[in-house]
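Take a look at the structure below.
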Amino acid sequence: MAQPVPAAPSVSAPEAPAAEVTLWRRIVRHRMLYLMFLPVAVYYIVFRYWPIGLAWIVAFKDLKLGMGVFDSAWVGLDNFRVMFEDPEIVNVLRNTVEISLLRIVVGFFPPIILAIMFHDLSSGKLKKWLQSAVYIPHFFSWVIIFGIVFAFFSTGTGFVNNVLEAMGLPRVEFFLSEGWFRPILIGSALWKEIGWSTIIYLAALSTIDAQLYEAARIDGAGPIRRIFAVTLPGILPVVTFVLCLSLGNILFAGGEQILLFYNKAVLDTADVIETWVYREGLSRLQFSVGTAVGLFQSLIGMVVILAGNTLAKRYTGRGIW
Amino acid sequence: MKSNSAGERAYQIVIHLIVLLVAASAVFPLLYVIGMSLTTKSEMIARDYFVIVPHAPTLEAYKRIMSSSVIWHSFVVSVLRSTVGPLLTLTLTAIGAYVLAQRTLPGRGIFLFFILATILFNGGLIPTYLVVEQTGLIDSFWSMILPIMVDSFGLLVIKIFIENLPDGLTESARIDGAGDWSMLWRIVLPLAAPALAAIGLFNLVAHWNSWFDALLYLNDKSLYPLQMVLKNMLTIDSVSGDSMNAMLKTSQSISTETLKMAAVVVGIIPVLCVYPFLQKHFAKGMYMGSVKGLRHLLLLSKGGIPVKKENVTPPWPRPSPLVPCLAPAPATETATRPSKHRRPAARPPPPAQPGKRASSRPGAMRERRSRS
């Protein structure tokens with residue numbers, strides 16, 4: 001912008017050998033683009049790659065408050081050793097895997113079934129309204145979701161407890177019960193996301209050739225048979241893809257939600273990596289162990305996704321894509 | 001044939017019922033919360049807190065909330081972050097996507113790789129916190145904006161969108177001597193506006209709903225966004241129920257529950273206002289865009305960075321029926337100006353996947369046979 005240099009490739013650079021000059025000349029010709037890109041690049045360097053770099057440093061150091069990252073001492077793999085030896089953290093790791101596996105087991109199939117139902121629904125207008133309704137909870141924050149769950153499950157005034165009492169059953173302290181914590185956590189997450197999760201399947205379903213359904217119908221296949229013969233094979237790649245991504249989140253158990261839902265009474269079953277890192281790592285200043293746990297979490301996630309892709313490719317022949 | 005159609009009808013009835021049930025269960029909690037928020041304390045006690053439709057609705061709880069300076073203040077903070085945030089995000093996303101969509105740009109593949117890699121790998125909570133601390137953003141409004149300024153998925157969706165714009169448009173603008181800035185402003189942005197609007201709306205909702213960053217980076221309560229204040233009002237381990245108590249102190253006519261539910265409704269209303277606009281964009285492939293993004297990333301991570309190959313063929317099939325807004329315009333239309341010689345009927349039939357077409361053919365033939 002500053003210097004009005006002609007943007008077109010000028011004919012004034014015949015000095016150097018052609019092959020060598022081309023890349024440099026291409027870079028020079030695109031200098032305005034690089035300038036435009038600068039803010040984005042700075043963002044990624046400062047807020048994405050600087051944390052990644054710090055993670056790899058701090059995880060192998062003993063960072064103390066008031067001491068800079070570079071002044072603190074290297075401790076090798078000590079932080080990782082702590083992570084696998086401290087019974088509290090081991091419990092946290094186990095909880096994390098259990099909760100996210102539960103989330104997958106409970107939450108994976110309902111959206112698929114719902115999407116197939118939406119797809120097969122014969123009434124177009126009604127379908128649109130119903131879809132709008134089931135998508136709504138996705139756009140509420142976890143704080144709001146907690147408020148709604150509280151309205152239904154709180155001991156003194158919750159709707160569910162009111163119903164229980166009306167049926168002559170005792171009230172249940174849902175939020176303080178170790179047995180009820182996970183069902184409520186996972187149930188409310190399912191309620192929030194079931195509608196929205198159908199979107200990816202609906203997009204895949206809309207690409208299935210209508211002639212296939214026609215052919216199946218003429219061959220005498222009923223609605224259920226059509227699901228297994230046409231619909232499911234049609235969305236299998238997307239199903240594998242979503243499964244792979246959710247397995248990649250195996251060490252991410254939804255900390256933001258748990259942070260709102262949990263309390264001291266259910267800490268043993270509720271504490272996961274994210275909540276632990278926030279509570280112990282950040283608030284109680286165990287920076288280095290917290291960073292090591294976070295690094296481990298991120299690495300496992302990446303490895304699982306890449307491995308899932310490779311496996312899917314090997315066994316289904318087409319990969320998850 | 002008769003029994004078959006009876007089966008079809010039974011199936012339709014069953015799925016209608018189930019889907020209706022799911023939709024009702026999505027909406028009922030909202031109605032219940034709204035009902036609670038309108039109930040007086042005396043009615044609550046008289047009906048033992050089992051109120052679905054209040055007999056004597058009152059707006060007392062909302063009046064209390066509206067009179068709270070804490071809530072108002074946090075509401076303003078939330079509105080601010082939900083406007084400033086998306087505006088910055090859109091600016092950077094549009095510029096970044098435009099640059100990355102230039103196929104001739106040296107280093108484009110490397111940039112893309114580093115941007116997409118952040119989808120799979122991030123530094124984690126504590127390193128990010130340390131960076132926010134080192135950049136001096138702790139206890140600053142900007143700590144809620146800057147760290148999440150660019151979303152890699154969104155950037156990728158817009159980049160794909162721009163790449164799929166008809167080449168003719170950009171080429172003719174180039175010939176007319178348009179520089180990159182004017183190209184971006186006059187040609188690309190107007191065309192990409194719907195996609196950008198979608199990104200902006202989703203970003204707006206994300207900002208509105210966000211509270212965790214405030215919890216991490218802000219000690220100064222005057223900067224708390226609404227969701228953070230709501231969180232403090234609602235959670236059991238509430239550290240600061242002070243604003244709540246202050247609100248209740250002056251009023252005996254409503255209960256704590258009513259006040260909480262009114263707060264929930266206040267947090268929901270803005271989302272519901274944006275929702276109809278959001279809805280327009282659901283089907284437009286936001287989601288599939290991200291699927292493509294990951295596919296692209298894995299391709300990059302596997303076979304090195306196909307910078308040069310990309311110039312010839314993008315790594316995914318180009319005409320994508322999945323993503324209406326990302327699908328390129330038919331090449332036949334863009335290559336030449338629409339002339340009168342080129343009738344729509346003369347256009348070649350759209351290429352379909354050969355496998356599917358072939359497998360469906362026997363059925364189609366059988367149909368013809370059965371009719372005759």
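Each residue, glycine too, has its Cβ placed from N, Cα and C.
TrEMBL: automatically predicted annotations, no manual curation.
Annotation source TrEMBL lists compositional bias 'Low complexity' at B:328-337.
According to TrEMBL, the domain 'ABC transmembrane type-1' annotation covers B:75-278.
Sequence annotations record features per position, and here TrEMBL assigns region 'Disordered' to B:311-372.
The annotation transmembrane segment is assigned in TrEMBL to B:12-34 (among others).
Summarising the annotation, TrEMBL assigns transmembrane segment to B:70-98 (among others).
Residues or ranges marked as transmembrane segment by TrEMBL: B:110-132 (among others).
Annotation comment: TrEMBL describes B:144-162 (among others) as transmembrane segment. Long-range neighbours of the transmembrane segment (B:144-162) within the same chain, counting only residues 6 or more positions beyond its ends whose Cβ lies under 8 Å from a Cβ of the stretch, are 81, 84-85, 88-89, 92-94, 96-98, 100-101, 115-116, 118-119, 128, 131-132, 135, 137, 188, 192, 195-196, 199, 202-203, 206-207, 210, 213-214, 217-218, 225, 285-286, 289-290, 292-293, 296, 325-326.
For B:183-206 (among others), the entry in TrEMBL reads transmembrane segment. For the transmembrane segment (B:183-206), same-chain residues at least 6 beyond its ends with a Cβ under 8 Å from one of its own Cβ atoms are 82-83, 85-87, 89-90, 93-95, 97-98, 148, 151, 154, 157-158, 161-162, 165, 169-170, 173-174, 271, 274, 277-278, 281, 284, 286, 325-326.
Within the chain, the transmembrane segment (B:259-278) has long-range Cβ neighbours (under 8 A, six or more residues past its boundaries) at 30, 33-34, 36-37, 61-62, 64-65, 71, 75, 82, 201-202, 204-205, 208-209, 226-227, 230, 233-234, 244, 247-248. The transmembrane segment annotation in TrEMBL covers B:259-278 (among others).
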Beyond the flanks of the transmembrane segment (B:70-98) by 6 or more, those residues with Cβ under 8 Å of it: 115, 141, 144-145, 148-151, 154-156, 158-159, 161-162, 180, 183-184, 188-189, 192, 196, 199-201, 203-204, 207-208, 210, 222-229, 243, 246, 263, 266, 270
